[in-house]
Structures are given as structure tokens and as C-alpha cells.
């Protein structure tokens, strides 16, 4: 109990920061530029989908929510990382770590579900265009987004509580850039079997199941596209999906490796940098992917 209180009082030390002072300055500059790009790019996408009447469709309603989500997602980790680089100090309080973990896993889970909702939207648009407006009504879109939050929030409250009621060992060194479930469980001085069960159950429900729905949607989309007689028509149909497909690949590719592969001490650095990819690099590239691969967004940006 005393050991647990010691950890609560002193928090953790994030060891994802380089030790050399020369790299601290470079890292601060690089990640500051990335953060500004995330804020600017996603804010612009969110703004034009509001002010441009041509982008008031379900597809861009989900894109706006994704952009806002990306801003929140990176804001959970990047400001703390920037302070760590600037001050060469990786300390984070116990409650600060708990808050960071909660928002990180909650927003990550919501992004998985939102990408699935976007795939469903594209599937209806291409496979059943005559009933698209009726099926993907504004009311349904709002209910889907609200439902994502309602489904995720209580589950992640439970997971965060389960992790932070564990007794932690004397070592406060967290081998990561931010507080995440796997590195925290490595510091626990207790059996983490049920924590692992809950973690993989959540991954199954909020990551693997949505990904399966995305795959099913794209199988139907590809079948529908192949039935389009003209090459131009097939190209136009696929172009409406390519941006979303790129976002799914970027996000799921790195996240899957981090959470589903067997962790080891040798893979610690690899896991850290892969985690940076899906929490920071992907939100930076999403606005670029959607603006470059989407004709309507490009036209709206020019206007």
C-alpha cells in the first residue's frame, strides 16, 4: 500500500525522450511543426465542410467529425511531449497520466468506429445510390456519432480505472512517449491477466470489429464498381473512397502492430515509434490525403 501511495504521489517518468540535449531542441522543433500542421490542416477541413454548402453531405459530416477528433487526439499527447522536449523533463503526475490514458484510448476507439461509419456511408453511396439520401439522413448521421461516444466513454472509464487501481512497483520509468496501457501494465506489481483480457476485448470490439465492417463494406464497393460499364465511371466511384481507404490504412496499419503483436524488451523502441505514427503522423497526413485525393474538397479550398 505504501509503495502504491509513493507512485500516486510522485507519478511517472516518460522515457521516450532522447537523452542528448542537441536532439531535444531538434525534436521540439520537429514535433512543434507537426502539431501546427495537424491543427491547421484539420481546422481548415472542418471549417470548409461547415461554410461550403456543397460539402453539406453525410460524407463530409463524418469527415468534419474526423478532423475535430484528430485535433483532440493529438492534443492529448503532443503538448506534454513538447514540454518534455523543451524542459528535458519527462515527469507526469499520476492523475495526469490517468487522464492522458483515458482520452487517448477513448478518442482512438471512437476513431476506429468513425472510420467504420465512413466506410458504411461510402458503401451505401456506391451500392445503393437511389436510396442514399433516404438511408443516410442527417438524423442517422447524428445518432451514429453520438452513439460512438455513448458506447466508448463508459468502457474506457472502466479500463482506465482498472489500470490505475493496480499496485505499481518502485520503478516509475515508463518506456514510452505517453501513457498507454501496455507499458503501464509492465510496471504493475500484480497479476495483470484480467487487465490483458479487458484490453484485448476492447481491441476486439472497438478495433477489429469495425475493421471487419470496413473490409466487408469495401468488398461490396469493389463488386459494385466492377459492374460500372465505363472506365470513367469506375474511376469516379473509386476516387470517392480512396481518401478514406488511405486514412484507414495509415491508422490501422501501425496501431495493429503495436497492440496485437507480442511485446518484448527488444521491441520497445519499435512500439514507441509505431505508436507515434498512428497518434501523430496519421492525423497530420489525413487533411493532405483528403484534400489531394478529393476533387470537391480541392474546389472548396480554392473557393
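Here the Cβ of each residue, glycine as well, is placed from N, Cα and C on the backbone.
Note: TrEMBL annotation is automatic and uncurated.
Taken from TrEMBL, the feature transmembrane segment applies to 26-50 (among others).
Taken from TrEMBL, the feature domain 'G-protein coupled receptors family 1 profile' applies to 41-290.
For the transmembrane segment (62-87), the list of distant contacts is 14, 16-17, 24-25, 27-28, 31-32, 34-35, 38-39, 42-43, 45-46, 49-50, 96, 100, 103-104, 107-108, 110-111, 114-115, 117-118, 121, 141, 145, 177-178, 247, 279-280, 282-284, 286-287, 290: same-chain residues at least six beyond its ends, Cβ to Cβ under 8 Å. What TrEMBL records for 62-87 (among others) is transmembrane segment.
TrEMBL lists 99-120 (among others) with the feature transmembrane segment. Among residues of the same chain six or more beyond the transmembrane segment (99-120), those with a C-beta under 8 A of the stretch's C-beta atoms are 59, 62-63, 65-66, 69-70, 72-73, 76-77, 80, 92, 144-145, 148-149, 151-153, 155-157, 159-160, 163-164, 178-181, 184, 202, 206-207, 210-211, 213-214, 217-218, 244, 247-248, 251-252, 255, 278-279.
Sequence annotations record features per position, and here TrEMBL assigns transmembrane segment to 140-157 (among others). Packing against the transmembrane segment (140-157) from elsewhere in the chain are residues 58, 61-62, 65, 102, 105-106, 109-110, 113-114, 117, 202, 205-206: each is 6 or more residues past its ends and has a CB under 8 Å from a CB in it.
Residues annotated as transmembrane segment in TrEMBL: 197-219 (among others). Within the chain, the transmembrane segment (197-219) has long-range Cβ neighbours (under 8 A, six or more residues past its boundaries) at 105, 109, 112-113, 115-116, 119-120, 122-123, 152, 155-156, 158-159, 162, 181-182, 185, 241, 245, 248, 252, 255-256, 259-260.
According to TrEMBL, the feature transmembrane segment maps to 240-261 (among others).
TrEMBL lists 273-292 (among others) with the feature transmembrane segment.
Long-range contacts of the transmembrane segment (273-292) within the same chain, counting only residues at least 6 positions beyond its ends with a Cβ under 8 Å from a Cβ of the stretch, are 31, 34, 37-38, 41-42, 44-45, 63, 66-67, 70-71, 73-74, 77-78, 104, 108, 176-178, 180, 243, 246-247, 250-251, 253-255, 257-258, 298, 301.
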